[in-house]
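Student: Sharing a structure below in structure tokens format, with a few things to ask.
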Amino acid sequence: MADKEAAFDDAVEERVINEEHKIWKKNTPFLYDLVMTHALEWPSLTAQWLPDVTRPEGKDFSIHRLVLGTHTSDEQNHLVIASVQLPNDDAQFDASHYDSEKGEFGGFGSVSGKIEIEIKINHEGEVNRARYMPQNPCIIATKTPSSDVLVFDYTKHPSKPDPSGECNPDLRLRGHQKEGYGLSWNPNLSGHLLSASDDHTICLWDISAVPKEGKVVDAKTIFTGHTAVVEDVSWHLLHESLFGSVADDQKLMIWDTRSNNTSKPSHSVDAHTAEVNCLSFNPYSEFILATGSADKTVALWDLRNLKLKLHSFESHKDEIFQVQWSPHNETILASSGTDRRLNVWDLSKIGEEQSPEDAEDGPPELLFIHGGHTAKISDFSWNPNEPWVICSVSEDNIMQVWQMAENIYNDEDPEGSVDPEGQGS
């Protein structure tokens, strides 16, 4: 009986999702300056823009690159580098180019040929997460379904993978007992990599100190303060010895690598009422960070007084799995997760007065809801070179590259012609 009910609920939910997506598609010309929808061969659990951009002479587009992965059903997995052509501001831009069938829009007409897979490298199992090293973006670390963290220099691998499926990482980092997701390169110390694991620990490696012939590197330090699965870890962006971690024990911990005590963090705070899945330090303000949780909220913190939560962002309907500050605006952050939505928030609008109609759509700090995905969003990344451009990937193989309409983040349109959900006002 329960099975029948579940099947009925699933069918109803699918109908609702499809209806919502139709409405979203109809409204994209008003909500976005750019939407590119691309179906990957396999879903990617990870997405990160590489820092480089090419601007070909005489062309009306620039070329950007992304690090992706695969999550296959028992077939060979790959670490993937893809290129994306984004239209320049002066590209022929016309809302009538919107292709309602494809859900693509933004000057370009069709996206075919605008997104290409450039490099595929054999990988052991799915790529839980892949992140490039800031000091040398050719070097990419990956989290696997095993306890190993792998490091690849993609310039040393052919762009077409060996058909044997053999995975040959340049380094294999040991120290964990289980898999995980969290991964963070130190932006101030080249080669210092942190990883979070289901085994309740955080490992630190220094790959700059690796002997030339050694392929296996043991963790330099293992941090053991959490009492449950560690979901995410992140270096502070300015202080080379500080990092934060979050876990299923509902805690946010701040660590200092100069401390001799690897089982006790400098600070530990009960951050949420459920598992904490992600964290992000603000790139402009050295004391500010955000955490995202299974309690459906994003919390804002000040390192100078962690006893007090600065703010709680509430609008998500389900678990939050990723939170990232904008690289271009210190008050802007985004969050995504199981509810298929990516929310963009603006701290500067906290506490603003709202009409009752506006309040129904969400709090004043909720700037935009990206409603283009019809499955859980696994990861997203702000483009470092094009403000307001985001790449998001979902569990149903869909990758979207999009940019909200300028009148939404530039307050020149006080009337607010369209509300953030895209239902029109």
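Yeah, the Cβs are placed from backbone N, Cα and C, and that goes for glycine too.
Look at Swiss-Prot and you will find Lys4 tagged as ubiquitin cross-link, backed by similarity to another entry. Sequence annotations record features per position, and here Swiss-Prot assigns SUMO2 cross-link to Lys4, Lys160. For Ala2, the entry in Swiss-Prot reads N-acetylalanine, with the evidence type similarity to another entry. Under the heading N6-acetyllysine, Swiss-Prot lists Lys4, Lys160, citing similarity to another entry as support. Look at Swiss-Prot and you will find Ser110, Ser355 tagged as phosphoserine. The feature repeat 'WD 1' is assigned by Swiss-Prot to 32-125, with similarity to another entry given as support. For 126-175, the entry in Swiss-Prot reads repeat 'WD 2'. Per Swiss-Prot, repeat 'WD 3' is recorded for 176-223, and the stated evidence type is similarity to another entry. Marked as repeat 'WD 4' by Swiss-Prot on the basis of similarity to another entry: 225-270. The repeat 'WD 5' feature in Swiss-Prot is assigned to 271-314. Annotation source Swiss-Prot lists repeat 'WD 6' at 315-371, citing similarity to another entry. Summarising the annotation, Swiss-Prot assigns repeat 'WD 7' to 372-404 and lists similarity to another entry as the type of evidence.
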Student: What residues in the same chain, six or more past the boundaries of the repeat 'WD 5' (271-314), come closer than 8 Å to it by Cβ-Cβ distance?
Tutor: 228-229, 231-239, 244-248, 250-252, 254, 320-325, 327, 330, 333, 335, 337, 343, 345, 347, 350, 363, 365-366
Student: What's the number of neighbouring CB atoms sitting within 10 A of the CB on Lys160 (SUMO2 cross-link)?
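Tutor: A count of 9.
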Student: Take the C-alpha atoms of Ser355 (phosphoserine) and Lys4 (ubiquitin cross-link) and report the distance between them in angstrom, rounded.
Tutor: 43
Student: Between Lys160 (SUMO2 cross-link) and Lys4 (ubiquitin cross-link), find the distance joining the two CA atoms and give it rounded to the nearest Å.
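Tutor: Roughly 46 Å, rounded to the nearest whole number.
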Student: Looking only at Cβ atoms, how many others are within 10 Å of the one on Ser355 (phosphoserine)?
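Tutor: So the number of other Cβ atoms within 10 Å of Ser355 (phosphoserine) is 8.
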Student: For a three-state summary based on DSSP, what are the helix, strand and coil counts in the repeat 'WD 3' (176-223)?
Tutor: 3 helix, 19 strand, 26 coil
Student: Under DSSP, is Ser355 (phosphoserine) part of a helix or a strand, or is it coil?
Tutor: coil
Student: For the repeat 'WD 3' (176-223), would you mind checking the mean pLDDT of the predicted model?
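Tutor: Result for the repeat 'WD 3' (176-223): average pLDDT 94.
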